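Novice: Have a look at this one before I ask anything.
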2 protein chains.
Amino acid sequence: MSRKISMAVIRRLPKYHRYLRDLLEKDVNRISSKELSKIIGFTASQIRQDLNNFGGFGQQGYGYNVEELYKEISTILGLEEEYNTIIIGAGNLGQAIANYAGFRSSGFRIKALFDINPRLIGLKIRELEIFDIEDIKEYVTANNIKIAVICIPKDKVQSIANELADAGISGIWNFAPVDLELPEDVIVENVHLTESLFTLSYLLNEKKLGHELPEE
Amino acid sequence: MSRKISMAVIRRLPKYHRYLRDLLEKDVNRISSKELSKIIGFTASQIRQDLNNFGGFGQQGYGYNVEELYKEISTILGLEEEYNTIIIGAGNLGQAIANYAGFRSSGFRIKALFDINPRLIGLKIRELEIFDIEDIKEYVTANNIKIAVICIPKDKVQSIANELADAGISGIWNFAPVDLELPEDVIVENVHLTESLFTLSYLLNEKKLGHELPEE
């Protein structure tokens with residue numbers, strides 16, 4: 001099987017997953033694309049089109065079985081896979097990520113944190129040891145680490161990412177304000193907080209200036 | 001003056017801002033759209049088109065004056081405006097945001113944190129007091145608070161957002177996995193971490209299955 005799905009569709013999948021989980025929690029068993037459209041905010045035809053990319057799942061006149069669709073989307077999202085994960089940077093953000101509930105519902109198993117600060121190295125956060133960032137390449141290789149979450153300031157990010165790539169990392173969840181340049185086989189997903197904050201700032205300013213605001 | 005810029009353009013502006021700041025730090029005084037294209041990854045025609053939305057700035061045969069363009073984009077992004085800001089949720093994420101460097105370079109002035117946990121209420125984080133979330137509406141009104149950053153679990157988010165809207169908040173930076181329903185004049189910018197993490201999970205799984213990966 002080969003398929004190529006657009007990033008726009010992919011970025012909607014976690015939202016389907018979240019709304020379907022909410023429906024399951026409310027004991028809703030089945031839902032039409034029209035009803036789903038009302039709560040999720042995409043058009044019914046958009047929903048049918050999105051899900052048809054993966055084989056449909058809906059039945060004419062019945063709609064979607066919520067639990068089945070939830071499970072299918074979980075599988076498509078790869079949430080049943082397990083990935084050994086490390087967090088680079090044991091500051092506030094690194095600690096927030098280490099405690100982050102989203103990890104518990106996905107297959108990312110956090111194994112350790114890394115930091116440059118000698119006062120943090122050797123400490124533990126919730127059973128997770130903080131190691132010296134100097135030892136990162138060796139650790140990644142020895143412990144079959146597949147994912148690294150980067151929560152450090154921008155200056156050393158590219159060189160650390162290079163080491164991670166050399167050590168065979170599969171993916172990076174990058175919170176640093178840097179566009180990493182890495183071999184194509186390393187998957188990078190960025191969370192650029194400043195870009196989000198500045199977008200908010202832009203929209204506030206436009207509103208203040210009396211300009212019409214765009215739709216998302 | 002009236003203008004309506006698409007969200008796609010708006011979401012590229014912070015990236016221009018970041019790359020121009022890097023150029024300024026490297027003492028680069030002028031740059032052509034072609035050179036800028038090479039480092040930022042958008043096409044030169046995309047860059048000219050984006051910046052023409054705001055009046056151009058470039059000069060034929062000269063390119064862009066880096067400092068001028070940086071200042072113009074700062075102004076467009078509203079970074080010279082000041083907004084009294086509160087953080088709701090004094091856990092790891094709230095603390096990470098309170099210490100977040102992006103705030104220092106923008107006009108968001110954090111005035112206080114709020115939490116539901118009696119063990120946190122009354123404590124201070126970097127000079128910022130943690131207040132009882134029960135008092136939030138009164139505080140927002142009394143202290144001319146314009147922005148709230150939401151860093152609490154999903155359950156109470158909508159009702160707290162309603163209180164914020166009643167108290168006249170202008171904008172919300174929302175980290176909770178909830179799509180808020182609020183009056184149109186409240187600007188909401190979401191950071192859905194789980195959606196980003198699940199996108200990474202999807203791409204890792206697709207790679208594992210040997211499927212072709214999409215381009216962003």
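Cβ coordinates are placed from backbone N, Cα and C, and glycine is handled just like the others.
Automatic prediction, not curation, is the source of TrEMBL annotations.
Pasting the feature list from TrEMBL:
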DNA_BIND  A:15-54  DNA-binding region
DOMAIN    A:78-179  domain 'CoA-binding'
BINDING   A:Gly89, A:Ala90, A:Gly91, A:Asn92, A:Leu93, A:Gly94  NAD(+) binding site
Novice: Under 8 Å Cβ to Cβ from A:Leu93 (NAD(+) binding site), same chain, six or more residues apart: give me those in sequence order, or none if nothing qualifies.
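Specialist: Within the chain, A:Leu93 (NAD(+) binding site) has Cβ neighbours under 8 Å at A:Cys151, A:Phe175.
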Novice: Could you tell me how many residues in the domain 'CoA-binding' (A:78-179) are helical, how many are strand and how many are coil under DSSP?
Specialist: 34 helix, 29 strand, 39 coil
Novice: Mind pulling out which binding-site residues among A:Ala90, A:Asn92, A:Leu93 sit under 8 Å from chain B, Cβ to Cβ?
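Specialist: Near chain B - Cβ to Cβ under 8 Å - we find A:Asn92, A:Leu93.
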Novice: List the residues of the same chain that sit at least 6 positions away from A:Ala90 (NAD(+) binding site) in sequence and have their Cβ under 8 Å from its Cβ, in sequence order, or write 'none'.
Specialist: A:Ala98, A:Leu113, A:Phe114, A:Asp115, A:Asn117, A:Leu120, A:Leu123, A:Ile125, A:Ile130
Novice: In this structure, which of the binding-site residues A:Gly89, A:Gly91, A:Gly94 has the fewest other Cβ atoms within 10 Å of its Cβ?
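Specialist: Among the binding-site residues A:Gly89, A:Gly91, A:Gly94, the sparsest Cβ neighbourhood within 10 Å belongs to A:Gly91.
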